[in-house]
Every structure is written in structure tokens, then in C-alpha cells.
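Heads up, the thing below is written out as C-alpha cells.
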Amino acid sequence: MSTKELCIHLTELHAKSLLNDNDTFLFDCDGVLWNFPDIFTGAVELLNYLTEHGKRLFFVTNNSTKTQDDYAKRFNDIGYKAKPEQIICSAWLTAQHLKSINFKGKCYVVGMSSMKHELEREGFQICGGIGPDPLASDANAIKTDKLELDKDVDCVISALDLHISYIKILKAATYLNRPNVLFLATNDDASLPQSDEIVMPGAGSILASVAAASCRSPTILGKPHRPMFDAICLTFPDVDPKRTVMIGDRVETDIAFGNRQGTKTLLVFTGATSEKYLDTLKQQVEKHTTERDLLPNFCVKDVGQFLQFLKSTEKSTS
Amino acid sequence: MSNSVCIRLNEIHIESILNDHDTFLFDCDGVLWCSPNILPGAIELLNCLTKLGKRVFFVTNNSLKTQRGFSQWLNEIGYQAKPEQIICTAWITAQYLKSINFKGHCYCIGMQSMVEELGREGFHISDGIGPDPVPPEADWIETNTIKFDDNINCVISAFDIHINYLKIIKAATYLSRPNVLFLATNDDVTTPQTDIAILPGEGTILASIVAASGRSPTILGKPRAPMFESIRLAFPDVKPNRSIMVGDRLETDILFGNRQGLTSLLVFSGATSEKKLDTIKQAVGKNTADKDLLPKFCIKDVNHLLQLIQSREKTYS
């Protein structure tokens, strides 16, 4: 399979076309704009530059540990005036999804307080799963008669949870074993972007244990699946995927997401994907052992360089 | 015998079951007991087989068991077991490390049983056993506060009720380093169930580490070979075609028995109902399930097996 038109290293010319041919820019955050608390050079300037040029910006993140308001505040703190409706984060998205299916009932949520906040904002009831649910430190067995199980759980949601524990997995799986219990997951990223060598498990790691214990598969809401793009189009129906660019660092989520929705895709090498890994993938696609959707149209070192290209084109035409 | 499978064991088969098999391998949970109850006839059956000169082994994926603890417990409930009859996954992990001449330190997500069995063979578990708490108010983990051991060159995943995010960070980080071995005791997703709750098994814990690390482990427990290989190493006269595996779970016990060339006998007292067996049988017929999942024989429970043997004994006495 030919990959000639893919993985093109961005030049000034390409940057200029991206600017001219597109109205909407979707940004992943972790690994693209920052590895918090380090904000990447040129990131905020790029956002402001695009906004000044009349572009619509959205932030499309699988990170379930922050609310729309958390992100809006963070952007404002670092110098970009973001409105909450520009933030398409997975905690908020979960609440929108439940709203869209007219969900009635109680949720057991394996996740952080951000999930609780976004779900309760839309009036949904959470019956447990947020924060620690500890065993005694000297425990060596589970006393099943001491478990506090809720009788009426209608939905189990799996997100990133720093307080994941055996008891929580047990409860999630037990609820999922009951009839008519919905199973949702914010996303299934296996790990989080890290600047050091430490591997931080992602929501996908938590989900793997809940899915294994329950023998059930969830509806996954985050990238690369559709719901985030659908949520944007619901509020902004004039967003045209053919005039949209998705900028991300992870091929399995960001790039696949963009390609599948019909947007252009731009990969940066500041996060989950190295140039070497992209090369390997490219070869696999050519041998038909990996799907084409993982390959971006363009790639660039970082958002700072994208900004430099844009500013150069402006200089050269002024 | 023909190639037929799922044969309901009765009087006409018992003769060849006894004459053609010297060694009986038993899974435990769901076969000999359904915790906390020992199943009727279980102890009597073990004693009966031993009296008939049969060799008996207990082959369990449960990584909480030790050879010493389990044999002691069997003695307490009426069967004189020797530790070497207990083929449990904590012990097999130590045997595996011994067989590959492993040198180094282990990060083991597991419980005290792993410390005991690995310690017996001189292997050192540096970390991973027991609680490793995340502060209860934490909404982030400061990675520069985590202590890593540079001598760890093996990560082992076993059953752990103290599994948490920090342990998965450590396991996955060690596994990202070069030349770090990855072992798992087994991958059963649930432990034998109660009516109250689903009890996540070793496989659940393993799944989170596999996802975070992107690596696949060498899995030691049933249905894979190491447990039978370890029996043959210690008892070279044990022959697969003269051995019978008695179990309740198709994807571990029966698959294990069939793949090692043993006769497989399924009991319906545990994880597999007659209905479930029928479903799998149909799937095999449609080529959507592995035929090795089907047992040669099946029987209601060990008590019925005991009764068949005792009837035969009466006939011949």
C-alpha cells in the first residue's frame, strides 16, 4: 500500500496551505502543547496566532482527570483565553453521552473527582468508585459478606483512576455482571505521555482489569472513536472535517481520530510518537500489516516549529 | 478408545480409568471443594486412590498456596499429603527461575506465598509484596518521589489484593528497561465465584500490567506446560498417556490435560455447567472454539467418581 502522500515533513509551503485551507484546528494537549507543568515553546503563541487569523480552536483530550473548567482555567493562566466550550475532554464527554441516550439511573465510576464533577453537573447520580476504597493494610483475603454493594447500579464507567484497587475492580465487575448495566469507558490509552523514563498507566490499563474481570467490552468514548467530533458538530454544525486539522502526538488516538473523521492530520514528535516509531509504522502499512489510518498527512518536530513556518510565510509575503 | 469426547463417565469406563492410569492430577477449587466447604467424597476419593496405589498430585493455579501450607491443610482435613504432591503456581515460579539459572532481583506483584516459595530457592523479591499506598487525597503522582531498584531484572505478576496504581507504575517501568524478564503465575480472570460478588483473579491484575507495559509475559500456570513438566522432572516415570487430569474449568484444567496428552475428566461441581459444556461443544462443531477445550470424560462430581470406584471394588472383592 502506498504511503507516498503520508508522513510528509512539514515545510513552510505546507504550513501556509494548512492555514489557508482550514478553518478549524483541533489540538490534543498532553505531549502537544505541554508536558505539564512544562509548556512547550511556541505553544501559546501558536494558539493566539491561529485565533488572530480567524481560526476556530478546540482542545480534544482523552485525559479524564480534569474538567472543562480546569482546562479553561489552565489555558487562561498560561496566556490563551479559552472558553469552556472549546474544551472537549473525556469527563465532560461522558456526561454528554449519558445525556444523549436519556440515561436514568446510578453510575459506579472508577475515576477521579473530575468525573464526579462533570457527571453531577448534568444531574447524574454517582453511587461510588471515586477516590480510595481501601482494604486494611494487613488484609490477606476479601470478606465478601463485609462488602458494601449498591442494589441499583445501572452504569459502570471506567476512567483513569489513581486510586484503583482490588475492591474497586471487584465492585465494577460485580455490577457489570448484573443484567442491563451499561459499560462505558472514557478512553483506552495504555499509558500517559511522560518526559522521563517512568511509565504512567493510562485509563486503558485500568480498563483492561475491569474488562478482564467482567468479561465485558465497554463503549469507549474518547479518541480515536467518533463521539468527540460528534460533540463538536452538535454545538458547531458548520465545522467541516474537510477544512479541519487535527494536531496530536499519538497515532493510535489523535491521528486515527482525525483521519477517520476526514480531517487533515499533523503529528508532532514531542509526545508519544518518535520519528523512529513512525518510520516503523510506515513500513508496516506498506506491508499491509498495520492500518493506514494511523499515518498522519504531515509531521513536524513540535508546535513551535509549526508556528515558525507560519510566521516565515507571513514574512515572505509581506 | 475412540475419538469421542464429553463421554458421561459410568460403570463401563471405570475399569479402564483405573487400569490405564497410574497418576491422578486434581485441580482443587470447584473439584475437591467449593470454599469454604469440602465437597462430599473428596477426601475419601483421594485416600481411595492412594490405597489403590495411584499417584496423586494437586495442580492449582491459585498463587496464594504454598507446598508447605497446602499439604499441611490437606493433612488436617484427612488426607496425608506430602509437599511434593502440591504443584502450585508460586512454587512453579521458583522452579522456572531455577531452570533458567536466573540471577538477580524480582519485583513481584503478589502475596506472602510468593515470598515463601521464591525464598526457598534463594530468589530475592525486592519489592511488590503487600500495600504500597498512594496518599488518599492524591490527584497526581509525583514520579520523582518513587523509589526504583536498579537491580531488578524480573517482574512477576501474581494474585494481589493490594494491587494499585503505584504498583502498576513500578511494574511497567521495570518492564520498559532492557533485559527484564516478565513472568505471570497464571491468567485466570476470576477466582471461584461466590453468589455475592465476582472475585477478580490473577488475570485481571496481569491485564493492567500488560496494557501499561505493552509487553506479554511468560505465563506458567494451566493450561501451559510448566506444571506438568515439573511433575515429570521430579517423577520421570509419570507418563502423560497414563495420567488423568480432573478439573472444573475448560480453558485451564481441561485444555492443560489435553495439551499435555493426559486423559481429561471434567466435573460439573465448579466453573463449568452442563449447559456451558454443551455451548462449547457446539462452538467446536462450528470451528469457532478449540477442540482441546472438550474433556474426554465428564461426571457430576468427585463423589460420583468415588461411588463408581467403590462399586467396582465391591464387585471385585
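Positions of Cβ are set from backbone N, Cα and C atoms, glycine also.
Following the DSSP three-state reduction, the secondary structure of A:D28 (active site, nucleophile) is coil. The Cβ of A:D28 (active site, nucleophile) has 27 neighbouring Cβ atoms from other residues within 10 Å, across all protein chains displayed. Residues or ranges marked as active site, nucleophile in TrEMBL: A:D28.
Its Cβ placed at the centre, A:D30 (active site, proton donor) has 20 other Cβ atoms within 10 Å. What TrEMBL lists as active site, proton donor is A:D30.
According to TrEMBL, the feature Mg(2+) binding site maps to A:D28, A:D30, A:D249.
Just so you know, the Cβ of A:K223 (substrate binding site) picks up 31 other Cβ atoms within 10 Å once every protein chain is counted. Annotation note: A:K223 (substrate binding site) sits in a coil segment as assigned by DSSP. Look at TrEMBL and you will find A:K223 tagged as substrate binding site.
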Checklist outcome for this item: Same-chain, non-site residues whose Cβ lies within 8 A of the A:D28, A:D30, A:D249 Cβ center for Mg(2+) are A:C29, A:G31, A:V32, A:L33, A:T61, A:P193, A:G248, A:R250, A:D254, A:V268, A:G271, A:A272
Item to check | Separation of alpha carbons, A:K223 (substrate binding site) and A:D30 (active site, proton donor) (Å) | outcome: 13
Item to check | Spatial neighbours of A:D249 (Mg(2+) binding site) that are distant in sequence (at least 6 apart) but have CB under 8 A | outcome: A:D28, A:D30, A:G31, A:V32, A:P193, A:L267, A:V268, A:F269, A:T270, A:G271, A:A272, A:T273
Next on the checklist: Using DSSP and collapsing to three states, where does A:D249 (Mg(2+) binding site) fall: helix, strand or coil?
Outcome noted: coil
